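Structure first, commentary second.
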C-alpha cells in the first residue's frame, strides 16, 4: 500500500519508499505480537485471532490498491481505525498497534484531523492500559503520549521530505519542458536560417542571370528585330548576324561562368576520383577509410560529379558520426552507360525499415542523399542491419552524355 495523500499521487523517492515500508513492517510486527500475546491471555483466543486476521487482511487491501483516490484512502483508514478499537476492547495487548496508526493518520489525513485521531487513539491506549490495573500509573500514561509525540515528529520530517521530493520532480519536469521548447526554437531558427540562405542564393542567382544572360538574350532579340525590319542589304544583314553571333557567344560565356560559380571547388581542376581521395584524406578519426576507383570511369557530367561528391560527403559524415566503424570503403565504378558509388562500413548498422525522423541530432543525411540521386534520375538504396554494418548504393544513368 502506497498510502494516498490529499493531492495527486506522486511516485515516492527511494528514501520515502523506505519510510513507507518501515510503517508497513511496524504495523505487521505490532499486530503479530499483540495477536500472540492476546491469544495467550484470552480465554477465547479463536475470535480474537480471527479479528486480528481480518484487520491484517483489511490493511493488506491497501497494499494492493495503491492507486486509490484520497477519499477512498480516508474510508479505508476509518474502517481500519474502528476495527483496531474493537480489538483493543477485546485485548489490551493490541493497543500498541496505535503507534503504526499514528504514522498512517498523519500521512492520509489533514493535519488537524490527524492530530484529533492521534489524540483519540492515545486516549484509547491510556484507557486500556489503566483498565488493566497492574503496574505504575504514570508510565502507562506517559508511554502512549511520548509515542504519539515521536510519531508526530517523524511524520513531520516525512512530510517535509515528500514536499521537497515533489518540488524537485516538478522542477525537473519544468526543466525538461524548457529544454523541449529550446530545441523547438533552435529547430525553427535553423529552418529560418536555411530558408533565408535559400532566398539569398536565389536572389544572387537572379541578379547574375539578369546582369548576364538576360542582357545577352535582350541584345539578340533587339538585333533580330532590327534585321527583320531593316533593309535587305546583304552587308547590313551580315553585320546584324555577326553582332547576334557575338551576343550569343557572350551569353554562352556568361552561362558557363554561372555554372562554374555553382561547381564545388573540389571539382574545379580535378576529376571526381581525385576529389573523393582529397575528401578521404581530410577525414580524421578512428575509422580507416579507403577509395577504390574502377579504371573504366572517365570524365562525367558536372551535375553527376557534384551529386556523387555530395553524396559521398554525406555518407562519410554518417560513418563518422553514427557507425562507430573500424573500416569504410568508398567504391566508384561503372561503364559507358551508368556510374555507381558505394560507401560500405563495418559499423553498428541500423534497421533501414525504421522511419527516419529528422531531429536536432541528425536524420537529414539519408533523405538528402536520396533527393540528390533522384534529381539526377538515379537509384538510391541502403543495405544495413543492426550489428552488420551499412552500405549506401547510388547508381546514376549517363544516357551517353559524357563531358
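Glycine residues also receive a Cβ, built from the backbone N, Cα and C atoms like all the rest.
Of the listed segments 137-158, 159-180, TrEMBL assigns transmembrane segment to 137-158. Of the ranges 21-39, 46-64, 76-106, 137-158, the one with the most Cβ pairs under 8 Å to the transmembrane segment (113-131) is 76-106.
Within the model, the domain 'Histidine kinase' (204-400) carries an average pLDDT of 80.
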